[in-house]
Amino acid sequence: MLRFLNQCSQGRGAWLLMAFTALALELTALWFQHVMLLKPCVLCIYERCALFGVLGAALIGAIAPKTPLRYVAMVIWLYSAFRGVQLTYEHTMLQLYPSPFATCDFMVRFPEWLPLDKWVPQVFVASGDCAERQWDFLGLEMPQWLLGIFIAYLIVAVLVMISQPFKAKKRDLFGR
């Protein structure tokens, strides 16, 4: 399995598949926000940023999957998935165990050199409450679904990182 994951990490297909899944999730988030009129909270926006990190890592990996640039993509992927797990876990706990003392910020805080909420307010401005339950599917709230998705991204990222020393076997069908 590790040899297979190493082989996949050196091809564009797996990286593009990951980019497609992250882009589909981002578009779904925008659908919820602009069509279903659900208000994203601060943690939702940070979770979006983590998902954009996974998307960016996938695009970097797809550019040059056989070069050391793929290792940069894997580190970004691992970090983004880990931060996504942290954020969605915190968000899930805020929704499952609401407390007047445990709240999220009122505004998204981006660095001054990267004010995404000013540049693209349709995507990065938060207007909802983190503890408010707005949507569920099969009994799970949106942060719980995202927690599962980020855990899956993280597990696969760890396995792909572990697989890097395992070189793919050369298949010689007609040799002895």
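Keep in mind that glycine also has a Cβ here, set from the backbone N, Cα and C atoms.
Swiss-Prot annotations:
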TOPO_DOM  1-14  topological domain 'Cytoplasmic'
TRANSMEM  15-31  transmembrane segment
TOPO_DOM  32-49  topological domain 'Periplasmic'
DISULFID  Cys41-Cys44  disulfide bond
TRANSMEM  50-65  transmembrane segment
TOPO_DOM  66-71  topological domain 'Cytoplasmic'
TRANSMEM  72-89  transmembrane segment
TOPO_DOM  90-144  topological domain 'Periplasmic'
DISULFID  Cys104-Cys130  disulfide bond
TRANSMEM  145-163  transmembrane segment
TOPO_DOM  164-176  topological domain 'Cytoplasmic'
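Mean per-residue pLDDT, taken over the topological domain 'Cytoplasmic' (66-71), amounts to 85. Per-site Cβ counts within 10 Å over the disulfide-bonded residues Cys44, Cys104 peak at Cys44.
Highest local Cβ density among the disulfide-bonded residues Cys41, Cys130 belongs to Cys41, counted as other Cβ atoms within 10 Å over all protein chains shown. Within its own chain, the transmembrane segment (50-65) has Cβ neighbours under 8 Å at 9-12, 15-16, 18-19, 22-23, 25-26, 29, 72-74, 76-77, 79-81, 83-84, 87, 150, 153, counting only residues six or more beyond its boundaries. Secondary structure from DSSP puts Cys104 (disulfide bond) in coil. Beyond the topological domain 'Cytoplasmic' (66-71), the same-chain residues lying 6 or more positions past its ends with a Cβ under 8 Å from any Cβ of the stretch are 9-10, 60, 164. Counting only same-chain residues 6+ beyond the ends of the topological domain 'Periplasmic' (32-49), those with a CB under 8 A from a CB of the stretch are 26, 84, 87-88, 90-91, 94, 104-108, 116-117, 122-130, 132, 134-135, 142-143, 146.
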